[in-house]
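Asker: Attaching a single structure in structure tokens format; questions to follow.
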Amino acid sequence: MLSAVARGYQGWFHPCARLSVRMSSTGIDRKGVLANRVAVVTGSTSGIGFAIARRLARDGAHVVISSRKQQNVDRAMAKLQGEGLSVAGIVCHVGKAEDREQLVAKALEHCGGVDFLVCSAGVNPLVGSTLGTSEQIWDKILSVNVKSPALLLSQLLPYMENRRGAVILVSSIAAYNPVVALGVYNVSKTALLGLTRTLALELAPKDIRVNCVVPGIIKTDFSKVFHGNESLWKNFKEHHQLQRIGESEDCAGIVSFLCSPDASYVNGENIAVAGYSTRL
């Protein structure tokens with residue numbers, strides 16, 4: 001089944017003029033740009049979520065990280081605190097209301113308000129077709145990937161209003177280019193694009209901007225079906241416009257920008273971080 005997923009990605013890349021210079025993912029030093037701000041990042045103990053949490057903390061924010069497993073929270077906390085970053089952590093299954101309440105309480109322990117919410121948590125428990133997916137799996141994917149960001153935001157909203165804050169949802173390039181055998185996951189990530197635009201409209205009067213980051217193929221545990229296959233991974237890189245596959249840090253910088261004053265006039269956008277254009 002995993003090979004079906006891999007085949008589904010092969011149609012994404014189109015021949016074009018390639019850049020001869022490898023692009024840097026390290027970004028520019030923006031230390032302090034988010035000083036004295038508070039960020040909550042879900043699904044943030046590994047991969048893209050962890051990179052985002054680290055970047056926000058490096059840029060001055062106090063960051064609350066979360067994961068479903070205590071051992072993952074402890075490991076991520078040790079790494080970030082070892083770098084001298086201001087972080088707190090808590091176990092949170094975003095699909096559970098009581099866990100979301102505890103996450104909110106943890107964030108409020110520090111300063112009584114929250115400036116940024118980054119929803120990076122997501123699941124895909126099944127590799128298979130859309131119509132072959134059980135109702136139970138449908139409910140699980142949509143609950144975690146789509147409902148939980150909105151419900152968590154509703155719980156945080158009283159503490160985010162009028163702070164010139166930002167909400168960042170993390171979708172997937174599968175929202176634009178569906179992947180074979182990731183049926184319901186594709187649907188859930190497409191739904192986030194609409195959720196972003198709707199929330200942006202609703203929350204603008206409260207001085208909260210809402211945008212969405214849409215990662216392409218990023219080297220994480222989620223994509224190990226690709227980078228674990230050396231020949232397939234090499235083929236992807238050779239046919240990619242930038243001749244490389246993304247790193248988690250490639251997504252982190254754009255999230256920090258979207259939280260910063262530099263993005264104060266950016267709202268309701270779905271921004272692809274894929275190394276190629278997804279649309280006109």
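Each residue, glycine too, has its Cβ placed from N, Cα and C.
According to Swiss-Prot, the feature NAD(+) binding site maps to Ser46, Ile48, Tyr185, Lys189, Thr220. Per Swiss-Prot, the feature N6-acetyllysine maps to Lys96, Lys219. The feature N6-succinyllysine is assigned by Swiss-Prot to Lys96, Lys219, Lys237, with similarity to another entry given as support. The substrate binding site feature in Swiss-Prot is assigned to Ser172; the stated evidence is similarity to another entry. Residues annotated as active site, proton acceptor in Swiss-Prot: Tyr185. Sequence annotations record features per position, and here Swiss-Prot assigns phosphoserine to Ser223.
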Asker: Between Lys189 (NAD(+) binding site) and Ser172 (substrate binding site), find the distance joining the two CA atoms and give it rounded to the nearest Å.
Answerer: 6
Asker: Tell me, which recorded positions from Lys96, Ser172, Lys237 are within 10 Å of Ile48 (NAD(+) binding site) if we use the C-alpha atoms?
Answerer: none
Asker: Would you find the one among the recorded positions Lys189, Lys219 whose Cβ has the most company, meaning other Cβ atoms within 10 Å?
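Answerer: Going through Lys189, Lys219 one by one, the largest Cβ count within 10 Å is at Lys189.
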Asker: Looking only at Cβ atoms, how many others are within 10 Å of the one on Tyr185 (NAD(+) binding site)?
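Answerer: The Cβ of Tyr185 (NAD(+) binding site) has 27 Cβ neighbours within 10 Å.
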Asker: Quiz question: given the recorded positions Lys96, Ser172, Thr220, Lys237, which has the greatest number of C-beta atoms lying within 10 angstroms of its own C-beta?
Answerer: Ser172
Asker: In sequence order, which same-chain residues at least six apart have a C-beta under 8 angstroms from Ser46 (NAD(+) binding site)?
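Answerer: Result: Ser67, Asn72, Ala76, Thr220, Asp221.
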